[in-house]
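Quick look at what TrEMBL lists:
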type	residues	note
TRANSMEM	39-66	transmembrane segment
DOMAIN	78-225	domain 'Peptidase S54 rhomboid'
TRANSMEM	86-106	transmembrane segment
TRANSMEM	118-135	transmembrane segment
TRANSMEM	141-159	transmembrane segment
TRANSMEM	171-192	transmembrane segment
TRANSMEM	204-224	transmembrane segment
TRANSMEM	236-257	transmembrane segment
Amino acid sequence: MAQQRATETPAQKKAQRRWARSAPATVVASGRPVATLTIIAITGLFYVIGLIPGVGGIVGNALAFYPPYLVPQFGPIEPWRLFTAALVHSGFFHIGLNMLALWFLGRNLEPLLGRGRFVVLYLLGALGGSVAVALLAPTTIVVGASGAIFALFGALLVIGRHIGADIRVIAILIGINFIWPFVVAFISSLGTGDFFGALANVGVSWQAHLGGLVVGAVVGLIYARSRLLRQRPVQIGLLVALTVALVALLAIPAVVYY
């Protein structure tokens with residue numbers, strides 16, 4: 001344990017001391033962020049599989065998220081795509097940036113939340129990103145873990161604010177990562193005047209970013225407000241309610257667009 005504590009930064013130790021006050025629901029052991037590393041390894045494995053000729057394309061097509069696959073009239077419903085899109089990436093730069101962000105965010109969040117809560121946050125972020133795409137870009141094929149990554153950003157922002165940490169840096173990072181596709185699209189559209197066409201050509205799903213960020217902030221608030229042991233049933237109930245609400249939102253594009 002002493003060796004594990006020695007690997008933590010002063011900021012991590014300070015955050016854990018603040019988070020651990022008032023009899024938290026979980027006493028988290030310090031050390032290697034196992035869930036974070038596992039997610040990175042699994043995502044990396046699927047990226048390698050995607051490079052195999054004759055196999056990668058099939059796997060990618062089976063896992064990518066495309067909203068019409070949730071509507072019965074288009075064929076068999078394939079709900080796993082809501083989550084599995086986070087395993088598929090369009091290139092090395094795409095997966096590299098996402099996994100780097102996952103590492104930096106996960107090594108700070110996972111020790112605070114515990115492995116189980118961290119994984120739930122990641123999965124709900126992926127779901128939130130897919131739901132936002134279904135609502136705002138119902139004919140778009142989406143791949144990547146960006147929704148889940150932005151959920152980690154949102155949760156860290158809320159939890160950091162709750163424990164009194166300086167959240168200015170994380171807020172700036174969120175702003176930069178969310179706004180840059182719009183800036184690029186604006187510059188690209190100066191000659192044509194087609195901002196939305198340029199935004200689509202950027203190849204970044206801002207809808208998934210927005211959905212993941214909002215869901216992550218909500219999950220972070222749930223964790224921050226229900227972290228006492230006696231509040232565990234409340235926490236679980238709120239997480240279930242959030243999941244049900246996200247799934248229910250999928251009925252909107254099914255009725256409006258299809």
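Placement of Cβ uses the backbone N, Cα and C atoms for every residue, glycine included.
Note that the structure is a prediction, hence the values are computed from the model and not measured.
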Can you name the far-off residues of the same chain, 6+ from the ends of the transmembrane segment (86-106), with a Cβ under 8 Å from a Cβ of it? 33, 35-36, 39-40, 42-44, 46-47, 50, 59-60, 63-64, 118, 126, 129, 143-149, 152-153, 156, 203
Where else in the chain does the transmembrane segment (141-159) make close Cβ contacts, counting only residues six or more beyond its ends and a cut-off under 8 Å? 19, 43, 60, 63-66, 85-90, 94-95, 98-99, 101-102, 105-106, 108-109, 112, 121-130, 132-133, 167, 170-171, 173-174, 177-178, 204-205, 208-221, 223-224
Top stretch by Cβ pairs under 8 Å to the transmembrane segment (204-224) (candidates 39-66, 118-135, 236-257) is 118-135
Give the nonlocal contacts of the transmembrane segment (118-135) in its own chain as ranges (CB under 8 Å, at least six residues past its ends). 33, 35-36, 39, 65, 67, 70, 81-83, 85-86, 106, 109-110, 142, 145-152, 154-155, 205, 207-212, 214-216, 219-220, 223, 239, 242-243, 246-247, 249-250, 252-253
Which numbers of helix, strand and coil residues does DSSP report for the domain 'Peptidase S54 rhomboid' (78-225)? 117 helix, 1 strand, 30 coil
Looking only at the domain 'Peptidase S54 rhomboid' (78-225), what is the model's average confidence as pLDDT? 94
